Every structure is written in C-alpha cells, then in structure tokens.
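Record features, source TrEMBL:
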type	residues	note
DOMAIN	31-278	domain 'G-protein coupled receptors family 1 profile'
TRANSMEM	20-40	transmembrane segment
TRANSMEM	47-66	transmembrane segment
TRANSMEM	95-116	transmembrane segment
TRANSMEM	137-157	transmembrane segment
TRANSMEM	163-186	transmembrane segment
TRANSMEM	222-246	transmembrane segment
TRANSMEM	258-280	transmembrane segment
Amino acid sequence: MNSSILNQSHCPEVVVPNPVFFTIGAVSFAENFLVVVAVIRNRNLHLPMYCFICSLAAFHAIASLTKTLENLMIVFADVGHLNKKGSSETTLDDAIDSLLCMSFLGSFFSILAIAVDRYITIFHALRYHNIMTMQRTGAILGIIWTVCGGLGVLMILFFDFKLIMICFVILFFISLVIICSLYVYMFMLARIHARKIAALPVGGRNNHHQQRWGSNMRGAQTVTILFGTLVVCWSPFFFHLVIIMVCPMNPYCECYRSLFQLHVALLTSHALFDPAIYAFRIAELRHTLRKMLLCSDWKLCS
C-alpha cells in the first residue's frame, strides 16, 4: 500500500471544527486587546518590561484576528462564495499568512526581549535604568516589528523553497537554545545569590533588598512560565515542518501529519494562555485589568 492509501485508511485527517478556531480567536483577541489597553492607559505600566508585554499582546491580537479572518475565508470558500484559486483571494490569503508569520515570530522575539529585560533587572539592578531606557526600549520594539514584518513577507513569498522552511525551523531551535541558556545561567546565579543572602546574619540582611530580589525573581519565573507555554504550544507545529522535510512519504510520518489541524489549534491557543498568565502573576497589571472590567468610571477608580 502506498502512503496516501495507508493514511486514508488508518490515519484519517483529524479535522478541528471551525467554531473551535472562532472561539479561540475571539477570546484570545479580547484578552490581548485588554492587555494592550491596560498598558497604554496606566502610567505605572509605562516601563520597559510592560512595553515588551504590550508588544507580545499586540502580536497575539493580530494573530487571533488574522486567523479568524482566514477561517471565515475557508467557510465562504466551502459554500461557494469565494473562489479558492482566484487572484484576489490568493493575494488576501498570502497577506493573512504573512501577518500570521509576523505575529508568530514577533511573539517569540518579544518573549526573548522580556527574558533579557528580566536578566538585566536582576543582575544589573543599579544600572538598569541607564541600560534599559524608554528610548532604547522603543528602538528594540521598532527593530522587532520591522524585522518580523519583513521576515513574514519573505517566508510566504518564498515558502515553496525548502531552504526557507529549513531556515524557519533552525531559527526556532536557535532561539530556544538562546532562551534556555539565558534561563539556566540566570537561575544558577540566582541560586548563588540566594545562598549568600541566607549566609548573612539576620541583622545584616536588608529587608528591602530581599523584597526587591523576591519580586524580580517572581518576574523571572513568570517569563519562564511564558516560555514553557510557548514551547508546548509551538513544538508540535515545528516538528510537523521537520517531518515534511525529512520524511514526506513515510506512512508513519503521514499519520503524524494527519494531526496538522490540531497542531494549528494548539499554536493559535498560545495567544489564549499568555494574557491569563499576566493577569495571574503580575499584580499591577491584574489590578489595572480589574479596574477596567469592574469600574464604569476609570478616573474615579484610579
């Protein structure tokens, strides 16, 4: 039996219903839009870390909106209202795919920027405000958005070339290694620092310093949770790309590829989890979101 027959008989394609994608898209867009508005409206959140979080939420919101639009196009095409191979439909589909690629790359680089910011906060606390100025933060965000936008367009224009897919996968794994190395180094130094504090006599300990250290480490733990969520949500999709390149005709690989829609659903659900992590882990942002949702008059509640 050839691979296609085996795939049809033993590994039928798993289809995720469109309402599932619509629900994920609507809820994740609402959550991330609220995070963006919260950071913009609350001046206490006008700090580098929250700017990077706002950027991450904006990328998530774009991904949710464009994925919902793509699903709408699929629904209209299935009922005959759109021509799947029409020139305008193809152009719109390419634009949507470019925005999705931009959003996925932007999410990754935003988390990397948050991780670097946390590292500087913890281990270069006295120089932090000189290193991470708002001007530099704006420049970093500008670079992230420009580079991700350009890469998103290039990846769709040349995705038929195997080299582009290989570069996409390699970029993902290199970024994983960089972030993992940064976290390992960060928490090794944090453990050494915690031991030094514990070795000090009780009278020699600075309670304010300890509280600040604990707050910074909690921020680092939040970023670690964000990174872990990203790995769980993204890994099946990138493994799918690896399988396309390594064993496109193998029957067992075909069985894994039949789960493609599940992988896409898991990938898009990443935008659903991150805002919940912010709201649960970051007190200032949680307080702002609560005021936005529960208070009708923002000025009176401020």
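Yeah, the Cβs are placed from backbone N, Cα and C, and that goes for glycine too.
Model, not experiment: these values are computed from the prediction.
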Exercise. Given pairs 6 or more apart, does the transmembrane segment (222-246) have at least three Cβ pairs under 8 Å with the transmembrane segment (137-157)?
Worked result: no
Problem set entry | the transmembrane segment (20-40) versus listed stretches 47-66, 137-157, 258-280: most Cβ pairs under 8 Å | 47-66
Problem set entry | Other parts of the chain folded back onto the transmembrane segment (47-66), taken as Cβ under 8 Å at six or more residues beyond its ends | 24-26, 28-29, 32-33, 35-36, 39-40, 96, 99-100, 102-104, 106-107, 110-111, 113-114, 117-118, 121, 132, 134, 137-138, 141, 144-145, 148, 219, 268, 270-271, 274-275, 278, 282, 285
